[in-house]
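Novice: Have a look at the structure that comes next, please.
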Ligand SMILES: *[C@@H]1O[C@H](CO)[C@@H](O)[C@H](O)[C@H]1NC(C)=O
Ligand SMILES: *[C@@H]1O[C@H](CO)[C@@H](O)[C@H](O)[C@H]1NC(C)=O
Ligand SMILES: *[C@@H]1O[C@H](CO)[C@@H](O)[C@H](O)[C@H]1NC(C)=O
């Protein structure tokens, strides 16, 4: 017999929510003193979990931006050093980006993660290129604004303002991976004549960029 009792339906829905929010099953703070497994660290004994396991304080520090890009990133997940043990098993990573005026995080993609950036200081001109139609979605983000870069798409962040800029990013995977377009083309031993053939950038320019980005051939 088909059961249409609304009371039972409500009970069933409530029970599913209850299971989903069972505190014991909803987190596994990594015990960093033990050996990690491919799925992360074994869980810390719940008695030894403290609020500090869920708080990451490393991003209060400014990152050194003395480099050619005038920009730097520090990334963290549950296993990096310093680690954020509360992220263990949650499939997330976080990062802080510091960008000087005129600096840039070069065009890159994260094959495994969607990224969301929050502008904590200054302003950041950010954008991504859509996959199928190569439409460029770009906008100058002011302090407090958030932008999302869908997984795998090429994106960038540039400081076109006059103040130091800081972005806090979160990623939908503990290991987002990163591929920089400039290094993929000019930072390796991809033969220059093939780079010219496959990108239409003339060989002299290719050799110049290879010298700049540590490539050869
Ligand atoms: C957990 O905390 C208890 C009490 O502070 C301590 O005796 C025990 O060694 C701790 N266990 C671990 C694995 O740190
Ligand atoms: C930043 O890095 C540069 C280059 O590595 C170094 O010379 C400089 O001392 C660093 N600055 C600080 C404040 O650590
Ligand atoms: C955290 O990031 C590091 C550096 O990318 C990576 O080697 C490590 O596998 C990541 N940890 C997890 C749990 O994905």
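Cβ from N, Cα, C; glycine included.
From a predicted model like this one, the values you see are computed outputs, not experimental measurements.
Dumping what TrEMBL says about this protein:
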SIGNAL    1-23  signal peptide
DISULFID  28-43  disulfide bond
DOMAIN    57-207  domain 'Cupin type-1'
BINDING   108, 110, 115, 155  Mn(2+) binding site
BINDING   110, 115  oxalate binding site
Novice: Of all the disulfide-bonded residues given, 28, 43, which residue's CB has the most CB neighbours within 10 A?
Specialist: 28
Novice: Please list, in sequence order, every residue of the chain apart from 108, 110, 115, 155 whose Cβ lies within 8 Å of the Cβ centroid of the Mn(2+) site.
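Specialist: Here the non-site neighbours turn out to be 109, 113, 128, 149, 153, 154, 176, 178.
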Novice: Where residue 108 (Mn(2+) binding site) and residue 43 (disulfide bond) are concerned, what is their Cα separation in Å, rounded?
Specialist: 34
Novice: For the C-alpha pair, I'd like the distance in angstrom between residue 155 (Mn(2+) binding site) and residue 43 (disulfide bond), rounded off.
Specialist: 35
Novice: Could you state the CA-to-CA distance between residue 43 (disulfide bond) and residue 115 (Mn(2+) binding site) to the nearest Å?
Specialist: 26
Novice: Rounded to a whole angstrom, what is the C-alpha distance between residue 28 (disulfide bond) and residue 110 (Mn(2+) binding site)?
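Specialist: Between the alpha carbons of residue 28 (disulfide bond) and residue 110 (Mn(2+) binding site) there are 25 Å.
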